[in-house]
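Engineer: Relevant sequence annotations retrieved from Swiss-Prot are reproduced here:
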- D80, D82, D84: Mg(2+) binding site (BINDING)
- C81, C98, C105: Zn(2+) binding site (BINDING)
Amino acid sequence: MSSNAKWLNKVKWDEHGLVPVIAQEVGTNDVLMFAWMNRDALAKTIETGEAIYWSRSRKKLWHKGEESGHTQKVHEVRLDCDEDVVLLKVEQVGKIACHTGRHSCFFQKFEGGAKDGDWETVEPVLKNPETIYK
């Protein structure tokens, strides 16, 4: 697939050639994670049917689950009204999306008020990350 496809040109890429991506679990609608894609990542995601992101720290394509086996099977791809955010509806293989071993990267919830509040961990570790990433 050409990374110059018309549908790729519709996406409003940022100054670094990236677009923010939200991965949402199909069925439960749980928000699993936030990541980035470049044109190649989005094209390969469509080609393979599995989520492939752009790692800003490693500066390379990142096939979600390439090390852990916790891949994301893509059921649906949506573009928001401003055409600058992508939503992936995915099946999370192994039920673990976060590198901390949790189901979702959004496992901290703000509790309390503006003066006395703090972030509380509200989701358990499903698998020790040391055993996931050897």
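For all residues, glycine too, the Cβ spot is worked out from N, Cα and C.
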Engineer: Measuring Cα to Cα, how many angstrom lie between D80 (Mg(2+) binding site) and C98 (Zn(2+) binding site)?
Structural biologist: 24
Engineer: Check the binding-site residues C81, C98 for other C-beta atoms within 10 angstroms of each C-beta and report the one with the most.
Structural biologist: C98
Engineer: Pick from D80, D82: which of these binding-site residues has the biggest number of other Cβ atoms within 10 Å of its Cβ?
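Structural biologist: Per the Cβ count within 10 Å, the most buried is D80.
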Engineer: Work out how many Å separate D84 (Mg(2+) binding site) and C98 (Zn(2+) binding site) at their Cα atoms, rounded off.
Structural biologist: 24
Engineer: Using the CB centroid of D80, D82, D84 as the Mg(2+) site centre, which other residues of the same chain sit with their CB within 8 A?
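Structural biologist: Once D80, D82, D84 are set aside, the remaining close residues are K12, L79, C81, E83, V85.
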